[in-house]
Every structure is written in structure tokens, then in C-alpha cells.
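According to TrEMBL, the features are:
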- 66-75: compositional bias 'Low complexity' (COMPBIAS)
- 76-97: compositional bias 'Basic residues' (COMPBIAS)
- 4-62: domain 'Tudor' (DOMAIN)
- 53-110: region 'Disordered' (REGION)
- 212-230: transmembrane segment (TRANSMEM)
- 250-273: transmembrane segment (TRANSMEM)
- 294-313: transmembrane segment (TRANSMEM)
- 325-344: transmembrane segment (TRANSMEM)
- 455-475: transmembrane segment (TRANSMEM)
- 481-500: transmembrane segment (TRANSMEM)
- 521-542: transmembrane segment (TRANSMEM)
- 562-581: transmembrane segment (TRANSMEM)
Amino acid sequence: MPSRKFADGEVVMGRWPGSVLYYEVQVTSYDDVAHLYTVKYKDGTELALKESDIRSQSSFKHRKSQSSSSSPSRRSSSRSRSRSRSPGRPARGRRRSASQSREHKDDKKKIIQETSLALPVLVLFFKPSENNTKRYNGEPESTEKNDTSCIILEQKLKPDLEIKRVLEQYSLRSRKDDKKEEIYSEKKTLVAVKPIEKVPTKTKELEFGGRIGTFLLIFLLPATVFYLLLMCKQDDPSLLNFPPLPALESLWEGRVFGVFLLWFFLQAVFYLLPIGKVVEGLPLSSGRKLQYRINGFYAFILTAAAIGVLLYFQFELHYLYDHFMQFAVSAAAFSLALSIYLYVRSLKAPEEELAPGGNSGYFIYDFFTGHELNPRIGSFDLKYFCELRPGLIGWVVINLAMLLAEMKIHNLSVPSLSMILVNSFQLLYVVDALWNEEAILTTMDITHDGFGFMLAFGDLVWVPFVYSLQAFYLVGHPITITWPVAAAITVLNCIGYYIFRSANSQKNNFRRNPADPKLANLKFIPTATGKGLLVTGWWGFVRHPNYLGDIIMALAWSLPCGFNHILPYFYVIYFICLLVHREARDEHHCKQKYGLAWERYCQRVPYRIFPYIY
């Protein structure tokens, strides 16, 4: 095994991926398996580089001085005079010319190598690109900007004439001799700088408790779902009243599993319909952009029509309530089988298609978090499909089934006010998500997390069967609330929804088109990646205003269930824990991605989710 060349803590010059620019970096660690150095730039960004992309400072400066010590044009003209000697010169002169010719070849090869090494340095100082040292280190000319058109003008005002002049000045091409031009071209190809190959790095920082934590979560998540459903079925759903375990044979029914499969593949058919616009997602690590068809809202309309037809023909939808636990078991079994398939197929996936957070090399961890970022069967994106369709639309269908079950069990002509509020609030949430389906393409689930057990179980089991817990609870434990209380809860939900929707819209519009005149009043901090961090509007209020709106809505969904038991408040408690954990993940990723710009943003916006609290 080759020994490492650079030690930890050593300050060297590292090439910026995808360019010929070198920056001063510090070596922080070395991966003996992948043979990659982890280096830290001045703005705090950490990247993994190959040894061939790193040079010592002394060698780097020495080569630069050699290249600039003598002009290549002078050497070229000197050699041209030597070659233009008269053929009538004596033999001694010819022998001396032959000797000089051999020296000239060696000298020319040396010059070409020196120039090829010096060129990145010249481009570093002369090229007015967006990766210049000042901006890269998080030191823009002004820390805040509110003229969003500067992002476009910056690209338009990059002159190529200066780069062309530098390249021509240091070119070794002779204009007098075609043969010399051919020799130079041949040698130039031998010493040309090779494009940087993007080598995917292993996931070093394990989340969710690492291998042990993810192993326990694979069993803990299904157990939590089944425990909550069993508790809701009891007359006294207090925490100390542990429910009796049902017989194993009562948890499975082939017909129920068939209905679940029918539901899943019906949504897949709706997904494949050629309706709705096709948009591009964010660039992947390879620079490629995947295409997505935005037709989730149409799928919801078609599903509503299908449910209406079933009800018209007197299909008893409360069948879902009677077999709710069996449906949960069927969904869990299907999500486990899907997770196994996803992991097996990911073993043959190209390296550039693996998830940055699920490539640790540990089976359990990668199986849980997802090994492949965007698994597709042709144009059918499995992760994107499961994110919104079967579980989210299924959540609304389950709520409707609970409403009908309440009316049947309690002989009601109309549903209770509590059940109406829960159904209405959550229906608004789902319709909003489907109507703004394109916004999900910028979330961490799509851009960072792989598709494994965590998302498969979460999308197909956790969302439809845990998020509908309030409606399920109200069937067996009816609560009567007054109209003033209902009005107050409605106002609370509207406040949460307004914060959630306006904050998300503000962020998504800025990401898609920062030069939109409607966003001209927004101020932002520019970063080395070319993106801006909003410091006004909702994102200047707290760092995650969309999370704040989500939590307020979650509380409004639980309040119609009263205060007799804590069980219907499980959702809001869980959601606070989930969003605080996700905020910590966001904080870590943004710190690595934006460096000093993120630190300035945190100083400007000190509160994370709850203003003046957290």
C-alpha cells in the first residue's frame, strides 16, 4: 500500500474540483481505503481530494517562478534563429546545430511542462470567474445584497478576452514553422492537465446513532406504529394501560394485502399518466439534472373520483377502520420488501448515483438510510413517487374512512365538529403539498437522503397510519367542542399554515429565480457556491420558519381531541423532536457547504425555530 505524502495539519495547495484553480488548504485526515485526503479551505469548506490534486507550497511557487523567469516567446525566437542557419555553413556548424537541436527538444519539453503547470496559477490571478479567492473565502465586497439582478449580471460581465490574452501570451506555438507546430501539439497532448475525476467519498459521519442506532430503529419504528394503533382501540388509552398483544394470525389477511397492492399500483398508474408539466430537479454531483412529471394534484383528483364512484355503489369505506391494524401490517411488510429490493439494486448502481449520506460501507446503516440517491425503473422514480402519492393521498382516504366509521358506530347523521376540523385541516395540508409538488425537489429527502428503509417505511407506513392518529382516536373516543373553541383552533391552524406556505414559497421562488423582480426587496448573503442566504422576510425571522408553521399546525390538529389523554398529542410531540433533529442535520450540512457565509447568517438570524426561545 503506498504511503501518504502529506501529513495531517500540513498546509498545501489544493485544486478546486472541476477547475484548474489552486487554493491554500489544510490537510485534516487521510482515508487509507479510498486514498483520499480530506482538506479544509479557509472558509471552512471540507472536501476530499486525490493526491494528484494536491501540491506542496514550495514546489508550487518554485514552478511558477521558473515559468515566469524567461519568456517562452524569447526561447522560441532564439531557437528559430538557430534553425535558420544557411545550408552552406561548414560541417562543424552543422554538427553544432544538430547538438543544439537535441538540446532544443529537451529544453522545449521542459518549457511545455513548466507552462502547463504555471497556467493554472495565471488563470487564478487573471480569470474573473465566480470562484475567485475573495468570494470563495466568504469575503464578498458587500456582505448583504438586495439587488438580485447582480447574480445574472455577474455572469454576463465575465470577459473572455483577458483569458484569451493570457493563454496566447504563454502559448509555445511557433508561427513560422508548421513542423514546429506539429511537434508542439504532439507534446502538449502528453502533458495536458487531465480533467478531475469525481471520486465519491465514503460517508464518515453516521447519523441516527450509527450502526447500532439504525439497527434498533428498524425494529422500533414498526413497534411504535403498532403500539399507537393498539392503544387507540382501548377504552382507556392511557400510557400506563399497556394494551394486550393480539394473536399473530389476526394481524394478517391476504385480502387486505391485496387491497393495499391494488392501491399502490393504482397510484403508480396515475403517476405514469402523460398529464402535468415536466420539470428538472436540482443538479446532481455529476452535474446532470433529472426530470420529474408534476401531476400529483391530478392523481389526487382522479383518486377522489374513484372514491366517489365506490361510495356511489355503496362500498363500505369503513372497512379500513375495521381492518386498520391489518392494513398497517401489510404496508410494513411491503415497505420492508421494497427496502430489500432497493438495497440489492443499489449494489450495482454507479458510484456517482449513490447517496452522499448512505455510502458508509456498513450494511445496516446503508440499508436504513438508503444507498442509492434516485433509484429509477426507466423514467419511474421510486423515491419521488413514494414521497407524495401512496402515503400522503392514502392519509386523506383513511381520514375519510374514520369519519364514516364514526357516523356509523355512533349513529350520527353528520360527523362531529372535532372530526370535521381534523379532516379539514389535514386535507388542506395534503392538497397544499400536492399543489406545490415541485417544491419537494429542493428538500433534503430528494437532494441528500437515499431511498432506503427510513423513507420507504416513513412514506408508506408512518405517514398514513401515524398522521391519521387523531381521526382514529376520535372514532373510539368522541369529543364535543363548542363553536368558539372550534373558531379559535381554526385561527391557530390558519396562522401556522400562512407561516408554513409563505416561508416555503419565498425560499423556493428565490432558489428557482433569484432575479425575479418580485423578490427585489429581499436581502441575502452571497456564498461561495453562488447561492444566497436570505436574511430578510421569514428567513430573517428564524432560520427555519417553515418548521415553525408546521409545529403550529400540528398543535391545531391535536387540540380537537381534547385533553383527556396525551395519546392524540403524540403527533405534535414527535413532530417537534423530528424537526429539531432535522434542523440539527440542516445546520451541519449548511456549515460544511457555506462555511463563513453560514456563520454570518447565524449571527444575523440567531434563532433556529422558535423566536426568542430556540
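Keep in mind that glycine also has a Cβ here, set from the backbone N, Cα and C atoms.
Where the annotation comes from TrEMBL, it is an automatic prediction and has not been curated.
Restricting the average to the domain 'Tudor' (4-62) gives a pLDDT of 79. Just going by CB pairs under 8 A, the stretch in 294-313, 325-344, 481-500, 521-542, 562-581 that sits most against the transmembrane segment (212-230) is 325-344. Annotation: stretch 325-344 has the most Cβ pairs under 8 Å to the transmembrane segment (455-475), among 250-273, 325-344, 521-542.
Nonlocal intrachain contacts for the transmembrane segment (325-344), taken as residues 6+ away from its ends with a CB within less than 8 angstroms of a stretch CB, comprise 222, 225-226, 229-230, 233, 246, 250-253, 256-257, 259-261, 264, 366-367, 370-372, 375, 382, 451-453, 456-457, 459-461, 464-465. DSSP labels the residues of the domain 'Tudor' (4-62) in these numbers: 9 helix, 27 strand, 23 coil.
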